[in-house]
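What TrEMBL records for this protein:
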REGION    1-23  region 'Disordered'
COMPBIAS  14-23  compositional bias 'Polar residues'
REPEAT    93-127  repeat 'PPR'
REPEAT    164-198  repeat 'PPR'
REPEAT    267-301  repeat 'PPR'
REPEAT    346-380  repeat 'PPR'
REPEAT    480-514  repeat 'PPR'
REPEAT    550-580  repeat 'PPR'
REPEAT    581-616  repeat 'PPR'
Amino acid sequence: MSSSVLPIPPLLPTNSHRQTPLHSSSLLRTRLCHLCKSGRPDLARLLFDRLPRPTPTILWNTLLIGFACNSMPEEALQFFAEMNSSSPVVVPDYYTYSSVLKACSDARKLRLGKSVHSHLLRRSFLPSKNRVLNNSLFNMYATCLEISCSDTIENMFDRMPKKNAVSWNIMIDWYAKNSRPLESLRLFRRMVEAGSQPTTVSFVNVLPAVAAIGQKRTADALYGLLCKSGDDKLQHLFVISATIAAYSELGDIGFARLVFDRADQRNIEIWNTMIGGYVQNELSEDALQLFVQLALSDEVPVDTITLVASLIAASQSQATRTGQQIHACIIKKKKKKTKSPSSDFPVILWNALVVMYSRCNSIFDAFDVFQQMPEKDLVSWNTMISCFVQNGFDSEGLLLVCQMLKEDEYQVDSVTIVALLSAASNLGDIRIGKETHACLVRRGIECAGMSSYLIDMYSNSGSVETARRLFDSDQSRYKDQVTWNAMIAGYIHNGLVEQAISMFEQMLVQVQTPNSVTLSSILPACATVGGIRFGKQIHGYAFRNSLHRNIFVDTALIDMYSKCGSIDDAENVFSRMPDRNSVTYATMISGLGQHGCGKRAISLFNSMIMDHGTRPDGITMVAILSACSYSGLVEEGMEIFQGMEVRFGISPTTEHYGCVTDMLARNGRVEEAYQFALSLNKKGEVVGVWGALLAGCVMHRNFELGKIVSKRLCEIDKNGGGGGYHVLMSNVYAAERDWEGVDRIRKMMKDKRLTKEIGSSWIEIGDARHTFISNGSDVN
């Protein structure tokens, strides 16, 4: 916050020309001041233009200050130009130049500011002789000069002969705004040591600097000094707002709320800062409660910032109903002002509504809001495109980019590029990915993390060699943890586990510290190759670097230990976790099921719901049904399946149908599994359901039913999803000595270019890991 350096000038003697009492300078100046303070400098200008000429300098100054203080710098500069060209000549004074320099500062017009500086020097106005003028000049240069000219600003400040609180405040504010919070805090200390009493502006300027440094103890000391300064500063609205913002950023939201509650008065900025503090600390429920409290009170009316913050809070907690209520509140608020309820929504409010509906998984509502927008900016387009991509509607996101480009005024930026690369990655469409890559090179679009998106796109599109070349090339300017993580994840996605582990080891050698994302990515690789020794080393690394309490790392550790055959270690990690989510429970339940511990899996599932209040989702249901299948707990599994929709409101998907079919068929109830698959009609016409049934037929040697299921699979899987089920079909016909059927399946596999997935296994002996690959009947 910049301090005001323009007090209303004192009454000066009027010019010697004769005036009526009605037109005395004192009375006119009072009228002009009143209009300017009321926010109507336009009316003050109309009054000024009706005055007889010559007009005294003091009246020119009054209107100049009125324009400047009403954030109308262009009008102030135009008025100054008229003053210079007026006839008879009006002689400017210190207040004139102070006002004009403030206008130059507000309008960021350095060249004009320098001209004014030269002009006042030519007229023998020495800034050093007038503190107000000196501060105005210093403020103009501090505002208009680039950060690279910091030496010039600092030298100007050091050469100032007499510094008052305004001088110190300008410099403190300059340091804070130019990301130099430590210097801002040091200068504040110098100010106090120099005997200059801090003002409210001083505290407002230095509090953000303390928050940026993250020094809670310094913030407490500063607040103590503020308390000693008296209630006039402590209860100043700007100071209250700055204090709440600082403590919110420092993470002490409790003390921020205490400051809020102790405020004698609260304007909308204070309410917004407190709500924003809750949002910043992801305390969305508290933010929404405070918004409701404000909406129900008559203290101050909500504004756009309040509504945007509350919508962000609703999106954080995925509170769809609350978000809809806020949307209705917005519409009612606008209906009172205009005939059209949505015509004057600010664009930022529209964008917040789109984001809220998107994060609440109401993507179609988000698109409806987007289509209703009377005006869109690039942020609006990027928001909707990103919403589509993040919710799995990649093709729709790409279509929206094409629609945006048809608008001549819009061009893609880094946000659009990231969304395009993500869509191409999700679709595995390397053509779109390459076109996007070419676009960002042609346009020179660059930002931190762009290389990781490119690596991810090429890896997911099956071109991991290109991804590695990009990783090794000069284009990867930002080779940080994110880029390394993307390359490791790319190798794992393409089944190149050994390369992923090698990349992880290179990362350690090059003194690049792995983070929780790195460990969460590499641990599944250990599980894939059965590398429990390496997995334990990573566990040790996580423990030494305080990453073992991260929910994603712990979940990956549970998965690794389970798949490596050490279910006890998996349970040990699970039992020590401070926090668990539905994915953690699903992973542990799945691990227990794979080890045949179905009853323990069911017990954990019930404990998750009853004792810990964690609501299961679709993934959790797949895990528990699979656990029942592996453990032969058919009755228990069917009971859970039948209660999915009633108890938990989860509609079964093809994955759940596949689990039930597998559970019945695996445990010898093949005919019942067949009837279940038939009962699903079109919902069950997927390879997963009939493939599980075919596997059960082969396992329990029901080859007659197996032939029926094989024919059904061929009808469903016309394009051929893989060689695995076709090999099972071939085995069914071979068991029945139907060699024509075997030949037909083999020919089908050849025509569709399907191959049997090569089996492989690993074993660790000492420090070495040995890989065995089966090729037909041979083992290499």
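Positions of Cβ are set from backbone N, Cα and C atoms, glycine also.
Note that the structure is predicted; figures quoted are calculated from it, not measured.
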**Message:** Which residues of the chain, 6 or more past the ends of the repeat 'PPR' (581-616), have a CB below 8 A from one of its CBs?
**Reply:** 551, 554-555, 558-559, 561-563, 565, 567, 570-571, 574, 622-624, 626-633, 636, 640, 648, 650
**Intrachain residues whose Cβ lies under 8 Å of the repeat 'PPR' (267-301), provided they are six or more past its termini** = 237, 240-241, 244-245, 247-249, 251, 253, 256-257, 260, 309-310, 312-314, 316-317, 319, 322, 326, 329
**Fill in**
Across the repeat 'PPR' (164-198), DSSP labelling yields 26 helix, 0 strand, 9 coil
**Prompt:** Using DSSP, how many residues in the repeat 'PPR' (346-380) fall into helix, strand and coil?
**Reply:** 26 helix, 0 strand, 9 coil
**Message:** DSSP-wise, what's the residue breakdown of the repeat 'PPR' (267-301) into helix, strand and coil?
**Reply:** 26 helix, 0 strand, 9 coil
**Request:** Can you check how the pLDDT averages out over the repeat 'PPR' (93-127)?
**Result:** 85
